Amino acid sequence: MTTTEQAIAPVTVTDTPTTPRSRNPLKKFWPQYLSVAPFYILFLIFGLFPLVFSIYLSFTQWDGMGQMKFVGLAQYQYLVADTRFWNAVSNTFIIWFMSTIPMLILALVMAFLLHQNIRFKGFYRVAFFIPNVTSMVAMAIVFGSVFSDSFGLINSAITALGGTEVGWLSDPWAIKVTISVMVIWRYTGYNAIIYLAGLQAIPTELYESARVDGASMFQIFSRITVPMLRPVILFTVITSTIGGLSLFTEPQVLLGDSGGSGEAGMTIVLYQYYQAFTQFDFGYGAAIAWALFIIAVLFAIINWRLVSERDTTKPGRSARRRSPEVAK
């Protein structure tokens, strides 16, 4: 064997023992699982368990203290025949219609104006959002004094002008108007901020080209702003629908648990609260809650389908394509 062959002699390769990889992810990621465990524990206790328990509770009769009695679909059968429940449904829909449509239109106009080059925009944004974070107790005191039948500011102004007083807290339709005004005052600024965020995502080139073409403020608003904000509008419509159907705080703090004169301000959630925590019929209260859930889901689907069908029927009418034609 030559010297060269000795230098390149084969080397025997031996397998080095490796540590077996753990197949149990809990051992490897236990710190991560431990860090998120409090959320899931609280969700199981205060979220999932009450949800499942309310489903079972709606099939029982229980006053909160005694023994539960399983009654099957009896609570839902009584719900269908309950005229007070359908009166609450009617009140809820009327108040929702009287408050949601003006509120969203006013919020969209406010957001459009705030998006323009005006002074003190930051101040106006904060001022419009303040009602949303105002205490409901303070709101009840203010609106109670403003809409009081005898000494309210509005009735005082009406009588000073030679008119007759309005029973804002006693007349059935006036009660609905009062609650609607409270909802509009509280949530218009919130929706305006959402619309303003959507407006800031619209390319400024669209507005600039429209102004060059001689478009008016109304044409820019109706032919560029509204079509480009359609997803945001859909979001606010769905959230406002769900919020309107679950209206509780405004009529409760203003009129109490009874819903005012003739139960004109009795909404679905207020009626649920009345049955569960005043009449102590928790089974029937749970049935009302699930009926409200079904109604809210149906309305959300209807709103989504209406906007989706409108988008599909006008696929080519985008704001980007329309901007050169705004002045026509």
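Positions of Cβ are set from backbone N, Cα and C atoms, glycine also.
Curation does not apply to TrEMBL; its annotations are automatic.
Annotation comment: TrEMBL describes 10-20 as compositional bias 'Low complexity'.
Residues or ranges marked as domain 'ABC transmembrane type-1' by TrEMBL: 89-303.
Look at TrEMBL and you will find 1-21 tagged as region 'Disordered'.
The transmembrane segment feature in TrEMBL is assigned to 33-59 (among others). With a cut-off of 8 Å between Cβ atoms, the residues of this chain six or more beyond the transmembrane segment (33-59) that come close are 26, 68, 70-73, 75-76, 282-283, 286-287, 289-290.
Under the heading transmembrane segment, TrEMBL lists 93-114 (among others).
Residues or ranges marked as transmembrane segment in TrEMBL: 126-147 (among others).
Feature annotation from TrEMBL assigns transmembrane segment to 187-207 (among others).
Residues or ranges marked as transmembrane segment in TrEMBL: 228-248 (among others). Counting residues 6+ beyond its ends, the transmembrane segment (228-248) has Cβ neighbours under 8 Å at 92, 95-96, 99-100, 103-104, 107-108, 179, 183, 187, 191, 194-195, 197-199, 202, 206, 267-270, 273, 292, 295-296, 299-300, 303-304, 307, 311, 319 in the same chain.
Marked as transmembrane segment by TrEMBL: 282-304 (among others).
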